[in-house]
Amino acid sequence: MKCHNPFGFRVGPVTFWTIIIYLALLVPLLWIHETVPPAPSSPTPTPGINLTEAWHDLTTITKHYHPYNSRDNERVGDYILERIAAILDRNDVNWTLEKTGARNVDVTLELSSRSSSAPSVTVFDDNLANVTWATDIGMLGDHTAGVGTYFEGTNKLVYIRGTEDEQGEWWKSGKNDVRVIGKGGVLVNAHYDSVASGYGATDDGMGCVSILQILNYFTTQGRQPKRGLLLLFNNGEEDGLLGAKAFANSPLFSFPTTFVNLEGAGAGGRAVLFRSSDEQVTKAYQKAPHPFGLVVASDGFSMGLVKSQTDFVVWDDIFGQRGLDIAFYRPRPRYHTDQDDTRHASPASLWHMLSNSIAAVKSLSDNTHTFSGQRSDGDRRKVPSGSHASKGVWFDMFGKGFAVFGLRGLFAWSLTLLIVSPLILAILVFILNRHDKLYFFSRKINVHNEGSEDPVSIGGFRGFTRFPIAVGFSGALTLASAFLLTKINPMIVYSSEYAVWGMMLSLFYVSLWMTLKGSSAVRPSALQRGYIHIWLFIVSWGLLIVVAVTEDRLKIASGYPVVFLHSALFLSTVISFLELFGLTKKHDYARRAHDDHQVRDRIGELPHDDALIAPDTPNDEAEDSDGEDSEHEPTETTPLRAGGDSRVRSTFGTAYRSVFTRKSSPDKHKPFENEQPWSGRLPGWTWILQFLLLAPINVILWGQIGLFAVAATQAGGADGGSVLTTYLIIAVLSIVILVPLAPFIHRVHYYVPIILFAAFAGTLIYNLIAFPFSANNRYKIYFVQEIDVSDGSTKVSLTGLDKYVHSVIGELPSTSGKVITCTDSNARSGLVDCSYDGSAVPPLLHGGLENGTVTVTNKRYQHLVSVNITRSNDSKNRATLSINAADSKVCTVIFDQPVSNFAIRGSEGLDSRLGQYPDAGVGSLRLFRRDWTSPWVVDVEWNDQHKVGEVALETDKPVDKDAVEELRKRAGISGTIKCHYSDANVPETIPAFHECLQYSPDWAAFSKADVGLVRPVKRF
């Protein structure tokens, strides 16, 4: 019994190994994407870490909604201070507690516990710092109307002194210059506020409890860091990264030169390395026990493809520190909803963030030389964090290893490949040609001399055009399926991304197999694998040019898979050329074939019993029909003279040549099926080397990118984004992931495409007809209720896709018989705002009860917002607004005419680091305060030129209410005040919101549409 080579280029081995290797790559990728490494079985895996304690802290912090503008937010802040004190006392640490704020405010000692002249730890309860700025640049870098912001912070900070830090209480020096203090330190940041519609378990409760455990870890005996740590629990992140910006006026501002930002942009899963400042700081993350992340996420933020921001942009872009952004990023449907709770989180996710962040913080703290000194950009307004290294390129390997290298190195690698790879192939072509073994592109050989009438066909062009035709056809079908889903059922990817992946992968595989296998069956060619390699090399070389340009000019690192792909294709293509050295020289083969034909022709003139065998003419006719190579390859039945008419041969000659063929073709060099006779000497095992070069790295890198990109964008359609983008990502990456199969797929057994065609049919039907949402993948709708305080009327607005918003509104009892008005949303492009009368579910805000019932007069809400205007005597274009809101910390002033300047009484003044005052003036002003009663006093100035200047008011003259309208006309000050109410912990407070939660379908979720859930509106 004959034993075949298990790695031979035959149907069985190719089918087996391609399936096994792809499954061995794709299954782990999916497993890592969907699961989280388990938490240690012991609650104390290392001294200084207690997971049971951390989980208890998380459940306590997330007991209620706790946005900045809520009573429960204050509870969380107090709890964090209590936990800090308990940890420090338990670890027997000398520490002090200080009240601190702006740098020009005297620091006073509030409480001392085990205090000394140089405490090991200092806790700062910052209830003094404030920050003011104006800008016309949005958080995503887009231009907006001018917006001013005033924010009063309530940040909690812990300074852990490092062994190499400056001694004493250096923050009391009173110096306002930006300088390196000692060797600098490491900032670890998380925010303790949640959105009004979510409990904040992962956004950002896990970040907060991770910092508490980091405090426990580094204050445990023997764990003092080298460079000091500054642990920051900031407040107000959800309303515009406000807590981080308030740190600008902290006396500790200049100390940290590096940072680790802990965030949640999803609701569980693994914590991904979202962004990093540069290569050097990214190497700190290499120490992580379970690294997870890729540079594509960072480039997505840089290019504005990710429509959200984290505090990273403040630390890195504005303050100039260098650091890491570690965040949860999926599942996005639970983000900012009531499912961001501990029920839908897990200790494993908490451990993943905690263990990785501790490793990164320790590595940054131990590095005492890299991250301090003069900046490369010379910006004196930013922290001196040393010269930035090259932008980093990074990706994890199955959640275990982590590769980091510089973008400059990647560019050098790309440039080298662009020059060297085609040069080496050209040299190989030259050598093969010199040795007369370049079978590629060879049609025929003239045995005697050029112009001979009896050339021998080589068939070297056969298979040349198959790849572009096959990929063009298969790729077009795959891309067409993306447009089909976008047209018929655009939201299906929201909950069923794997069904979409399965449909497009199977479609491309089946169509590619049909075209390449079909052409190979009709006209077999031993060079098909080599020609496909040549085509792939050319395409990847062209892509590499684009990647090199983006690396050099745009500093985009996401093209690294193309560099790896081209490297693998280059080596694999080299193998295809080296295989030709095993063949006989073309002229030697042609002479031998020519001589064999002559012998057979002479023998064919003799009568023989085999003359009764009919000639095999149909195969000859079939070969004539192939347009790729008009010449026959020489076989024992080919006429000596190329192009001669075989009909002149006798039946005896044809029959004898058939017998001669069977006797003269030894099995040792027998070609595969009906491929060219000379191909029998090609090695049959080299294909597995090529496949191992092409498939693993390509599938791993592109598979990671595909899974991450789809997870990050699949919910974008619900927010008004283009769903086509997500489908095109899946379609293109399906092509890229499977294209390494192209050189070998014509040897795959037909059972595989039959099975995949059935999978395609099933997933196609499902994707076209299935409802796109479910209880585990809820559609997110944005809620806000607005009150006109002048007449007490109220309306509820739900923002989302028209079709689904109407379905939800129809389920709400209070909407029965109400008129629903829908208009295109101004705030969220692609969505609609659907409003209805909210009088049946009026908000019960401060003072809204009379004798235990909701008041129904049109004056019931007038007390919520108050504004008093005083006009300056020295200028008709200056005035002062005193604004207050009952039981709210947040208001927004919208001016009818932009103001050229504003100042908040008691503020630090405009901070130019956070934005330049818009030339066109400020059209709206956002106001945040830390208490519930102190009014905002705002001085404003307006003129035609909208010039920026100081506001210096003289004697003020009060203006009574009857004169307000006259003041609007004469002085030009008028507008609207919207105050915000965010506390939905008591259902009766905002019954419209709780009605939505209670009565809407289980596939619907609700998130805040504005700073608050309710906004009373008052004209002034």
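Backbone N, Cα and C atoms are what each Cβ position is placed from, and that goes for glycine too.
Lifted from Swiss-Prot, the feature list:
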ACT_SITE  Glu237  active site, proton acceptor
COMPBIAS  618-631  compositional bias 'Acidic residues'
CARBOHYD  Asn50  N-linked glycosylation site
CARBOHYD  Asn94  N-linked glycosylation site
CARBOHYD  Asn130  N-linked glycosylation site
CARBOHYD  Asn851  N-linked glycosylation site
CARBOHYD  Asn868  N-linked glycosylation site
CARBOHYD  Asn873  N-linked glycosylation site
TOPO_DOM  1-11  topological domain 'Cytoplasmic'
TOPO_DOM  432-467  topological domain 'Cytoplasmic'
TOPO_DOM  513-529  topological domain 'Cytoplasmic'
TOPO_DOM  583-690  topological domain 'Cytoplasmic'
TOPO_DOM  746-750  topological domain 'Cytoplasmic'
TRANSMEM  12-32  transmembrane segment
TRANSMEM  411-431  transmembrane segment
TRANSMEM  468-488  transmembrane segment
TRANSMEM  492-512  transmembrane segment
TRANSMEM  530-550  transmembrane segment
TRANSMEM  562-582  transmembrane segment
TRANSMEM  691-711  transmembrane segment
TRANSMEM  725-745  transmembrane segment
TRANSMEM  751-771  transmembrane segment
Cα distance (Å, whole number) from Asn868 (N-linked glycosylation site) to Asn94 (N-linked glycosylation site): 49
Distance, Asn130 (N-linked glycosylation site) to Asn868 (N-linked glycosylation site) (CA atoms, angstrom): 23
Fewest-neighbour residue among glycosylation sites, criterion Cβ within 10 Å, set Asn94, Asn130, Asn868, Asn873: Asn873
Residues from the same chain, set at least six apart from the ends of the transmembrane segment (12-32), whose C-beta lies under 8 A from its own: 4-6, 270, 292, 398-399, 687-688, 691-692, 695-696, 699-700, 703-704, 707, 741, 744-745, 747-749, 751-752
Which of 411-431, 468-488, 691-711, 725-745, 751-771 contacts the transmembrane segment (562-582) most, counting Cβ pairs under 8 Å: 411-431
Asn130 (N-linked glycosylation site) and Asn873 (N-linked glycosylation site), distance between Cα atoms, whole Å: 29
Beyond the flanks of the transmembrane segment (492-512) by at least 6 residues, Cβ under 8 Å: 333, 470-471, 473-475, 477-478, 481-482, 485, 706, 710-711, 714-715, 717-718, 723, 726-727, 730-731, 734-735, 737-738, 741-742, 745, 752-753, 756-757, 759-760, 763-764, 766-767, 770, 772-774, 776-777, 779
Secondary structure tally of the topological domain 'Cytoplasmic' (513-529) (DSSP, helix then strand then coil): 12 helix, 0 strand, 5 coil
Which of 411-431, 468-488, 725-745 contacts the transmembrane segment (751-771) most, counting Cβ pairs under 8 Å: 468-488
Contact call for the transmembrane segment (725-745) against the transmembrane segment (411-431), three or more Cβ pairs under 8 Å: no
Integer average pLDDT (0 to 100) for the topological domain 'Cytoplasmic' (583-690): 59
